[in-house]
Amino acid sequence: MSTNQIILTDQGNNYVNVWSHVAQDLYNHYGETLYNSWFSKVNFIESSLNTVILCAPTNFVRDWIKSKYSMVILQLFQHYNNTIKSIEIITKELPGTTQTVTELPTKTFADIGSSELNSENIFSTLDVRFTFDNFVVGAPNELAYAAARAVAESSGAVSESNPLFLYGGVGLGKTHLMHAIGWYIKQHNPSRKVIYMSAEKFMYQFVKALRNKEVISFKEKFRSVDVLMIDDIQFICGKDSTQEEFFHTFNTLIDNNRQMVISCDRSPSDLDNIEDRIKSRLGWGLVADVHSTTYELRLGILESKIEQMNVKIPKDVIDFLASKIVSNVRELEGALNKVIAHSNFTLKEITLENTQNILRDLLRSNERIITVEDIQKKVASRYNIKLSDMSSSRRLREVARPRQIAMYLSKALTPKSLADIGKKFGKKDHTTVMHAIKKVEELLENDIELREEIHLLMKILQN
């Protein structure tokens, strides 16, 4: 037998064991329904030249797993054995060499007792997709990314960003960065004790410790770690006992030069129903805002995701998704997955028209409601005039022209009548608004610079 080909030798058996662990991780992360649909009938075949070969039951399952999950499976294998460089999925089994993982214990994170949560099993709480390598950096998140990276690379020392407080809307990358910190430390400093969990689970385990009279054990566990990461800290707002425990845990860790990373949907100063002493401490280190995505960042995220999934998507479809799915990264990636899944299931080509039909309901919910007030603020800012000038009767050209442009955009981008628009501009009548719109339309016929300016304003307002 060639030394490069391993078919259930001792090392081969080790690969079988690794596949068992990988399958368990897939089950824990994706849940029973999805696991049973895609992974339960996948077999380990062999390993050859640092490539793991798996067998899927059908061509369809093989193609679906390859397009959507191959990178995840490879990263999981590499976590347990870093000599593995690639995976191959086939549909023809080799006799006598398979290991099927169909029945798995149903133990999930919720079943992990307090004594089990330590640096050895942080992996079970981390998403393999969320690493620094696949985090797309842009202007809205570059500070948060740099700070998270500094925390991860601190090599046992506490970073200057302690605590690191990440805040921003849903699906913008806060959790991704926290998982990335955990992965980096796990891979480069495995001796460091790290805990990552949501504030809800922190509360759940605290209540459980109170009920089981294990509070001392709870305190020792959380106050002896090197890095504590708590996601969605806003969950403890209004929960006095949990806040008290968190406060003392926070103080102990900071006093002992241990790193804390916290995420929230708002800044510390905007938190309600939380003690001032906690609010103050949350702002001690670096507070980094993760802003809403820009078109350029969304484009980068889509291109990165498409490359990872090894699929081909027409450029006009990518541009369409980046322009229309503006709420958050989670919805953007979900829309892309839906388009790819529809194509795989129906065997239809991915086209702009098909994409628009597939995402019709999602696009409707993502349509941004633009108000006259939004337009006034944006135009006033663009032309460096006071917002109050929008409602004034000043006839100076540097004031009147932006006001006319704002009226034009209000008619183009909102469902308001001319009379309603006039009311927003200092109770002007509909004929004044009509005159302003007509004036701008006349200028647009010959003024290329103005045409580009209004096009830019429209794009900014819509995105």
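Placement of Cβ uses the backbone N, Cα and C atoms for every residue, glycine included.
According to Swiss-Prot, the region 'Domain I, interacts with DnaA modulators' annotation covers 1-83, on the basis of sequence analysis.
Restricting the average to the region 'Domain II' (83-124) gives a pLDDT of 49. The region 'Domain II' annotation in Swiss-Prot covers 83-124 and is backed by sequence analysis.
Residues or ranges marked as region 'Domain III, AAA+ region' by Swiss-Prot on the basis of sequence analysis: 125-343.
Per Swiss-Prot, ATP binding site is recorded for GLY171, GLY173, LYS174, THR175. All protein chains shown were included, and the count of other CB atoms within 10 Å of the CB of LYS174 (ATP binding site) stands at 25. In the three-state DSSP assignment, the secondary structure recorded for LYS174 (ATP binding site) is helix.
Under the heading region 'Domain IV, binds dsDNA', Swiss-Prot lists 344-463, citing sequence analysis as support.
Note: THR175 (ATP binding site) has non-local neighbours PHE130, ASP231, SER263, i.e. same-chain residues 6+ apart with C-beta under 8 A of its own C-beta. Of all the binding-site residues listed (GLY171, GLY173), GLY173 sits in the most crowded Cβ setting, with the most other Cβ atoms within 10 Å. The residues of the region 'Domain IV, binds dsDNA' (344-463), classed with DSSP into helix (H, G, I), strand (E, B) and coil, number 89 helix, 0 strand, 31 coil.
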